[in-house]
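The structure appears right after this line, and notes come after that.
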Amino acid sequence: MQVPAGAIRSAVRQSTTAFSRWTSCQHQQRFHARTTATATVATRKAFMPIQSSRWYSSHAHKADEAIKNARNIGIIAHIDAGKTTTTERMLHYAGFTRRIGDVDSGDTIMDYMKQERERGITITSAAITFGWKDHRINLIDTPGHVDFTIEVERSIRVLDGAVTILDAVAGVEAQTETVWQQAARQGIPRIAFVNKMDRAGAGFGRTVREMRTRLGCRPVVVQIPLMESLRGTSDTQFNGVVDVLTMEVLRWDSDSKGAKMVRSLLDSNYPDREVYQEAIKARVALVEQLSALDENIIELFLTLEDHMAIEAKDLQAAIRRLTLSSTIVPVLCGASFRNIGVQPLMDSVVDYLPSPEERPAALGRMSDGKVVEIGNGGPKERLCALAFKVVHDARRGPMVFVRVYAGQLNERAQLWNSSTHTKERANKLLQMYAMDVEEIPHITKGNIGVVLGLKDTRTGDTLLDGHDPRKGLALSGIKVPSPVFFASIEPMSTSDEKPVEEAIKALIREDPSLGMRVDEETGQTLLGGMGELHLEVAKERLVSDFKVKAEMGRMRISFKETMRGAGVVSEVPAWEYDREILGKRGRARVGVTVERLERFEDQEDERASESGNSFSKTDAGKKGKKSQADATTHMGPEEYDGNEIIVSLTEQSPGTDEAGALAAAEKAAALGTVIPTGSTDLPIPVLRTSIKNGILSALSRGPLLGYAQTHLKVRLTDLHLYGGESTPAAISSCVAAAVTEAIRLGGNPSTGDTDNNSVLLEPIMDVRVEVAEKDVGTVIGDISGTRRGRVLSLGQDDDSAAHQEEDETEFQVYAPPDSTYTGPGSASSPASSSSTDAVGTMSDRRSIRAQVPLSSMLGYDAALRALTGGTGKFAMEVIGYGEMDFDRQRDLIKEMRGG
């Protein structure tokens with residue numbers, strides 16, 4: 001049923017006016033008769049932890065839990081928002097642990113690494129499985145520090161839903177926006193939990209408004225904080241939450257550490273009249289919001305003409321539908337450290353977040369470029385899984401975390417890695433409980449587990465059944481950010497060189513956001529990372545976990561190189577490789593073109609692409625489920641570290657005569673496809689992999705200072721093979737030499753001057769600075785002047801898009817007044833909770849967003865404190881690379897070359 005938005009708003013206003021004249025007696029009779037017929041005024045419901053047990057072993061006597069009862073969720077947030085603290089409470093209340101771990105004491109289940117416990121922060125994502133209300137919860141606790149953003153990226157890639165935790169005092173922070181955008185790119189439904197409501201200065205309403213203005217979502221409040229006055233003072237204290245759906249007050253028993261939860265009905269007899277009135281406003285606002293977005297609720301409302309008469313189960317069903325479609329974000333509140341609000345959050349995970357079968361089908365790309373849906377073939381569909389994380393274990397070896405999208409992964413199964421074209425064997429399968437494990441016989445569709453015995457599998461690889469004929473089928477990969485800092489790793493002695501090199505390779509396999517290269521001039525081994533903390537942790541792990549003896553040098557910025565001049569095209573039409581190595585001849589001939597991309601990738605384009613296995617998604621992955629025939633597309637360019645690689649090969653039809661072959665070659669050239677000439681026994685997938693490896697090898701080192709190259713489009717234009725002499729190694733070497741030569745020429749074959757044909761690029765940071773109004777001018781002057789930055793916007797500018805969307809959809813934000821928050825922007829009157837007045841930001845603080853070269857941001861923390869008297873704060877992340885001016889490039893080359 002299509003109901004005009006104006007009619008909805010008119011009906012809601014009329015009903016709200018009528019409702020305000022109702023007596024409390026009428027409300028009590030009409031609401032409780034429908035929703036709490038069997039409840040008493042003081043119903044007590046308690047939850048006690050069950051005996052601690054492992055999920056798999058405790059359910060081994062049963063058949064595998066239905067996929068509809070599985071939840072793959074992640075905990076995402078800014079650093080120090082309370083992710084691990086909340087997770088530890090979840091495990092305790094689910095009966096997994098007998099005691100609650102504490103971050104400050106360093107005894108948590110999820111932060112098990114030595115480096116995590118020493119620093120009190122999450123460094124690596126940790127997976128754990130537990131049960132809650134007959135549901136299987138596969139939970140991943142992710143880091144909040146920007147240096148470890150790869151952990152969030154690869155976790156979100158395999159999850160079906162996420163819990164976003166926000167600090168009620170700090171509100172929406174910089175890294176909150178980052179992880180929110182990461183989840184949004186994967187289309188993951190989210191629920192929000194406003195934590196630390198017991199802290200001084202907590203602002204639940206302000207945080208809800210910031211979710212709308214800064215995150216651009218539709219926050220729907222399903223709980224409001226229970227703030228009660230302290231005896232003899234005007235101060236208030238957070239003592240529980242009010243469930244807006246059931247109109248109940250929820251309190252937690254401190255003696256049982258929050259294990260006992262008490263529910264009591266909220267009606268006109270409740271002692272605190274303000275709590276009761278605000279709960280009614282919240283219920284009315286909830287029905288209004290759902291009515292504007294869900295047809296079932298508007299039909300119920302138009303039938304009953306009463307906000308309070310709509311049953312909680314109907315509202316819950318509507319919230320679930322809208323959450324699964326990412327239309328709204330349910331908002332809950334609590335204080336995890338004080339053990340308040342965690343059990344309702346776990347209920348919301350079950351009630352509102354999707355099961356694996358409720359998510360759109362995964363998309364895979366065949367070797368011929370066709371895109372097919374994965375997981376729709378029923379119980380007989382062959383295995384397809386994605387490796388999303390590798391952990392080095394000194395005793396067990398590499399532990400590969402996988403998400404199964406189709407079929408079933410069995411112990412001792414023979415596997416095929418379609419990304420590396422190698423055979424693997426799953427020696428053992430494990431169910432992870434943070435650092436503890438349990439051996440299991442299989443991993444079923446939709447679940448997450450660990451495989452032992454995989455030798456060549458890395459993050460982003462696709463694993464298939466060893467007998468699957470679809471050898472080239474690959475799932476979309478995982479975006480891996482490029483290192484922006486590097487430092488030298490020096491072995492203590494000559495005998496330590498090989499152990500250090502092997503340890504670094506194992507560390508990079510575990511954390512692909514690290515990088516290693518060898519400086520050919522100095523012979524130093526350089527380790528790259530995302531920041532100072534990232535490299536510091538890597539060095540500590542080399543010493544403590546891998547037991548090697550090495551020292552780390554001074555940290556420096558990792559630049560990149562590219563051809564000079566946007567749109568420049570350099571072509572090598574025919575490059576011959578003919579070399580004998582160890583008595584075996586290798587020979588091949590290729591043609592390539594290298595083009596400088598006309599524009600630098602911005603943040604949205606860079607993140608929308610997925611490194612390694614990216615491909616175009618058709619409508620089959622957007623709406624509903626379609627047939628495989630409808631889900632096919634031609635192979636497009638693949639992105640690798642900001643470069644576009646186009647390797648499109650097709651086989652010559654058998655029995656084709658010379659004229660037919662010429663016509664086929666012309667047709668293929670028009671389509672951008674290459675038909676290999678000559679003779680070979682190598683299949684097309686092996687040829688394509690060899691060519692890509694050669695291109696990547698050439699792009700890994702630039703002609704100026706040996707930095708990796710980016711912003712280049714490399715296309716294969718010709719391939720001639722010489723039978724058995726054209727080995728994969730010979731093909732890769734030929735392609736690498738051809739691409740290197742094309743880059744050296746730089747579209748100017750008359751000179752081939754490397755220094756003139758190439759240019760250095762420096763990392764550009766997206767910087768968000770929050771300062772007082774009086775310091776805005778000083779900070780902007782420093783950014784745009786001293787630090788060579790470009791200011792994009794102030795705080796109000798970022799909100800305009802959200803306000804425009806709000807006007808278009810008529811979605812009105814409800815945010816209750818904040819009794820504990822006394823700063824600017826706080827609500828001090830009942831009118832502040834109205835939807836029209838609730839949208840706003842803190843008036844005396846401004847958010848400055850700018851793009852600044854990373855080299856100019858070194859030491860900015862101390863500089864900002866000096867500029868703002870210690871009140872300013874900032875966060876930054878890499879968004880891409882920008883061209884360095886000629887004078888700075890000349891000075892840097894002179895410094896690095898020692899000339």
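Using N, Cα and C of the backbone, Cβ positions are placed for all residues, glycine too.
According to TrEMBL, the features are:
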- 77-84, 141-145, 195-198: GTP binding site (BINDING)
- 823-835: compositional bias 'Low complexity' (COMPBIAS)
- 68-357: domain 'Tr-type G' (DOMAIN)
- 602-642: region 'Disordered' (REGION)
- 796-845: region 'Disordered' (REGION)
Nonlocal neighbours by CB distance (under 8 Å) for ASP80 (GTP binding site), same chain, sequence gap 6 or more: ILE121, GLY144, ASP167
Other CB atoms within 10 A, centred on THR142 (GTP binding site): 26
Binding-site residues compared (LYS83, HIS145) - the one with the fewest other Cβ atoms within 10 Å: HIS145
Sequence-distant neighbours of ALA77 (GTP binding site) in its chain (C-beta under 8 A, six or more apart): LYS83, GLY144, THR164, ILE165, LEU166, ASP167, GLN175, THR176, VAL179
Chain-internal residues, separated by at least six, CB under 8 A from MET197 (GTP binding site): ALA168, PHE204, PRO225, PHE238, CYS333, GLY334, ALA335, ILE340, GLY341
